[in-house]
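Asks: There's a structure below that I have some questions on.
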Amino acid sequence: MPQIQTIAAEKVLGFRGQETIEVTVTDECGLAGEFRVPFGKSEGMFEAMYVAPDQAVKICNETLNQLLHGFDPENQRVLDNTMIQADATPQKKNFGGNAILGISIACSRLAAREQGIALYQHLGNIINKRVSTHGPFPRMLYNLVEGGVHAQNNLAFQEHLIIPKVNSLNQQIEILKSFSQAFMQYAKTLGWNKAYGYEGGWAGNITKDGVILFGQDAEYAVFEALDAVRTQNDFPVDFGLDVAANNIAKFEPSSYCDFYVKCAKDFPITYLEDGFAEQEQDEWWKMLYGKIHHTTLMVGDDLTVTNPRKMDAYIGKNMINAIIIKPDQVGTLSETFDAIEKAKQNNWRVIISHRSQETTDDYLADLAVAVKADFVKFGAFAQGERLAKYNRLLEIEQ
């Protein structure tokens with residue numbers, strides 16, 4: 001196969017004009033693969049390190065360009081291991097996870113183009129999985145209501161999710177569009193102001209009789225509204241919640257544990273992500289798991305950061321039974337595949353997720369189809385960075 005000739009990075013604009021990098025890897029025949037690298041606003045403390053775009057461009061164009069010259073882009077594991085070993089730090093502090101990931105994924109695109117196949121087919125070949133475009137496809141975790149650090153409102157929890165109970169991507173999208181419209185109308189009748197968050201979801205303030213609610217009162221009122229929309233319109237959906245507890249000040253695990261149990265009992269909440277901060281004692285995770293895991297997925301994100309080594313600490317502990325996969329958390333495609341494989345070996349559900357500071361790159365859709373993810377979390381339909389992923393999923397299905 002043709003060998004890598006050049007690696008070239010440049011600064012580009014991502015979500016809301018934030019600078020990030022785009023990496024292009026070109027082979028000796030002139031074919032190229034590219035990737036625009038996202039990053040997160042809410043980050044776990046053990047994620048791969050992000051270096052400033054100027055520094056990442058310099059590292060890609062000089063150090064890594066020289067390091068990988070002449071390599072075969074189809075040898076994904078060799079490429080990734082070479083960068084990992086040259087960086088020689090657990091969190092990729094020398095080169096930056098964003099620089100390394102940019103090259104890792106750009107190489108996979110280049111390899112797919114060299115073979116003349118779709119990206120999801122090439123990714124499936126890497127992990128020895130035959131990929132079907134006839135489904136089943138991932139279920140969508142749709143971020144309808146935002147709070148926490150992703151919004152400027154009175155909600156502490158980061159994402160309030162709608163989960164269609166059908167497999168067809170087209171049907172899921174139609175349900176989500178109709179539910180969103182119905183919720184907007186219902187929120188208006190409650191006097192809730194219209195605003196939007198980082199990922200395009202509704203992010204108004206929650207009030208009752210003109211009084212702003214806070215804490216658990218505000219969160220419960222959101223689910224009362226969502227459930228009213230669901231029952232009045234007979235929508236076939238479940239609900240989910242990304243608490244992002246790391247970012248909540250004065251977080252009291254005992255009180256919130258009881259609140260999660262109550263919400264899971266009162267509403268069809270089948271998904272709970274990062275219900276406790278990653279530094280909280282394991283006992284809280286275990287206690288909640290024992291109470292709700294039969295009906296509600298307990299999902300790790302900040303806890304596991306797509307890192308196979310971090311995952312080892314929670315396998316068999318009855319703390320989580322699902323995992324968020326964000327390639328930029330760990331920094332290479334190979335390590336991402338390792339995390340997914342480890343999750344599946346332990347019967348954990350797999351969720352392929354975007355980041356808050358996204359780009360218009362649609363890579364995640366191909367990844368989700370290739371690994372047969374259980375869910376995808378791509379945000380709302382209000383922003384081009386999110387829509388690119390949904391449109392790519394539909395393109396693959398059709």
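The backbone N, Cα and C atoms fix where each Cβ goes, and this holds for glycine too.
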Asks: His150, Glu159, Asp301, Ser353, His354, Arg355, Ser356, Lys377 show up in TrEMBL as binding substrate; which entry in Glu114, Glu252, Glu273, Glu278 does that record put in the same site?
Replies: Glu273
Asks: Among Asp242, Asp258, Asp312, Asp328, which residue shares the Mg(2+) site with Glu273, Asp301 according to TrEMBL?
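Replies: For the Mg(2+) site that includes Glu273, Asp301, TrEMBL also lists Asp242.
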Asks: Given the recorded positions His150, Glu273, Lys326, find the one whose Cα is closest in space to the Cα of Asp242 (Mg(2+) binding site).
Replies: Glu273
Asks: Could you tell me how many residues in the domain 'Enolase N-terminal' (4-123) are helical, how many are strand and how many are coil under DSSP?
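Replies: Per DSSP, the residues of the domain 'Enolase N-terminal' (4-123) fall into 55 helix, 25 strand, 40 coil.
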Asks: Looking only at His150, Lys326, Arg355, Lys377, which of these recorded positions has the biggest number of Cβ atoms within 10 Å around its Cβ?
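Replies: Within the set of recorded positions, the most crowded position is Lys377.
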Asks: Over the domain 'Enolase N-terminal' (4-123), what does the predicted model average in pLDDT?
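Replies: Taking every residue in the domain 'Enolase N-terminal' (4-123) and averaging pLDDT yields 96.
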Asks: How big is the gap, in Å, between the Cα of Asp301 (Mg(2+) binding site) and that of Arg355 (substrate binding site), rounded to a whole number?
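Replies: Here the two Cα atoms are 12 Å apart.
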